[in-house]
Amino acid sequence: MREIVHIQGGQCGNQIGAKFWEVVSDEHGIDPTGTYHGDSDLQLERINVYFNEATGGRYVPRAILMDLEPGTMDSVRSGPYGQIFRPDNFVFGQTGAGNNWAKGHYTEGAELIDSVLDVVRKEAESCDCLQGFQVCHSLGGGTGSGMGTLLISKIREEYPDRMMLTFSVVPSPKVSDTVVEPYNATLSVHQLVENADECMVLDNEALYDICFRTLKLTTPTFGDLNHLISAVMSGITCCLRFPGQLNADLRKLAVNLIPFPRLHFFMVGFTPLTSRGSQQYRALTVPELTQQMWDAKNMMCAADPRHGRYLTASALFRGRMSTKEVDEQMLNVQNKNSSYFVEWIPNNVKSSVCDIPPKGLKMSATFIGNSTAIQEMFKRVSEQFTAMFRRKAFLHWYTGEGMDEMEFTEAESNMNDLVSEYQQYQDASAEEEGEFEGEEEEN
């Protein structure tokens, strides 16, 4: 029941995805060969959300790995859990997208997309009751952003009523990999606004900060960053995979988090984050979890929730705890910081409790917030985009692949519209309700 098909694209997506499968396999007691070595029936009860049972009792991830060059996939294949994936589910080209969105979306990616869709169909058909798809990708490169959004729009056509959840790594303000990131990211957001249901927004800088500040790592690697992301990914779906007192699934999350269809970009956080050495000295309590969860330093994207207001939020707790205490703590947060929540959506924080904590912890919590402050991030990308686009810098790489300048202009204005929508709801108050009703119907 309620299966999720996982798709990872491009270098970033494949590296995050590989880490995620290590975490999920570990939670369900699956070793790198796909054999079950767990100690509790609960690990097997709903293992089929992410795994398919193959012959001989082997468990195979419902994962599709795609890239336009073989490099990253080879390293996934030779990594710790590389042998667990179905060999047919590695779909790759040879040319690479060279950080060019147009190559991923229109030329190279378009040639490979049909073979990816064949694998997607095969995975979807082996599901009993498909809940949706989760896509891991970055928005700054060529494959994850260009081909990733192409795949999302194709899946949207074929499975219009299934949930589409993305984990999107946005270019960070200070750490830049390539000069054309603002172009690739803006073109991708333009697609995600229309075709995705829920986007969890991550960025490397915020993840680095968490590693430096909270985890006290002096030289964080991408492995450390990806570990943080996989903790959130596992937290979001734990309700589907383990029994709980208050369940959440992808659709319930969407219903509770998205007040207006375009505003589906969320900030995520995970707690407890403690440095490796100090972990065993602290027993966590629900109030402590709650406090760290709402801490701005805990957010995995470089936007400060204190600069905006929460439209909605969702807290997914794991471990043995009293639901009453969870409810009290969440209410407490809302009452104390009421100025950070919009008052025209009452009770806008949803919580769920799943009984099984992650490996090595007594209890944990995953946070998903729909905050108007996320506009800071879109604004930042948009400013960089405009600075280059005004001079038509680097455009020939895109027009050379058959793109039109109009597409850039459209993407730019769509992103600016998104920013002003967030701003509009940030400023809205319950008193002026009448003024908005007319506008609502237009959106």
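Cβ atoms here come from the backbone N, Cα and C positions, even for glycine.
Record features (Swiss-Prot):
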type: BINDING; residues: Gln11, Glu69, Ser138, Gly142, Thr143, Gly144, Asn204, Asn226; note: GTP binding site
type: BINDING; residues: Glu69; note: Mg(2+) binding site
type: COMPBIAS; residues: 429-443; note: compositional bias 'Acidic residues'
type: REGION; residues: 423-443; note: region 'Disordered'
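Everything Swiss-Prot records as a feature, shown here on the structure.
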residue: Gln11; record: GTP binding site; DSSP class: helix
residue: Glu69; record: GTP binding site; DSSP class: coil
residue: Ser138; record: GTP binding site; DSSP class: strand
residue: Thr143; record: GTP binding site; DSSP class: helix
residue: Asn204; record: GTP binding site; DSSP class: helix
residue: Asn226; record: GTP binding site; DSSP class: helix
- Message: I need the most crowded of these binding-site residues: Gly142, Gly144. Count other C-beta atoms within 10 angstroms of each C-beta and give me the top one.
- Response: Gly144
- Item | Tertiary neighbours of Thr143 (GTP binding site) (same chain, Cβ under 8 Å, six or more apart) | Gly9, Gly10, Gln11, Met66, Asp67, Leu68, Glu69, Gly96, Ala97, Gly104, Gly109, His137
- Would you give the longest CA-CA distance, in whole angstrom, between residues of Gln11, Glu69, Ser138, Gly142, Thr143, Gly144, Asn204, Asn226, the set recorded as binding GTP? 23
- Note on the structure: For Ser138 (GTP binding site), the nonlocal same-chain Cβ neighbours (under 8 Å, six or more residues apart) come out as Gly10, Gln11, Cys12, Gly13, Gly144, Ser145, Ser168, Val169, Val170
- Query: List, in sequence order, the same-chain residues at least six positions removed whose CB sits under 8 Å from that of Asn204 (GTP binding site)?
  - Reply: Val169, Ser172, Val175, Leu225
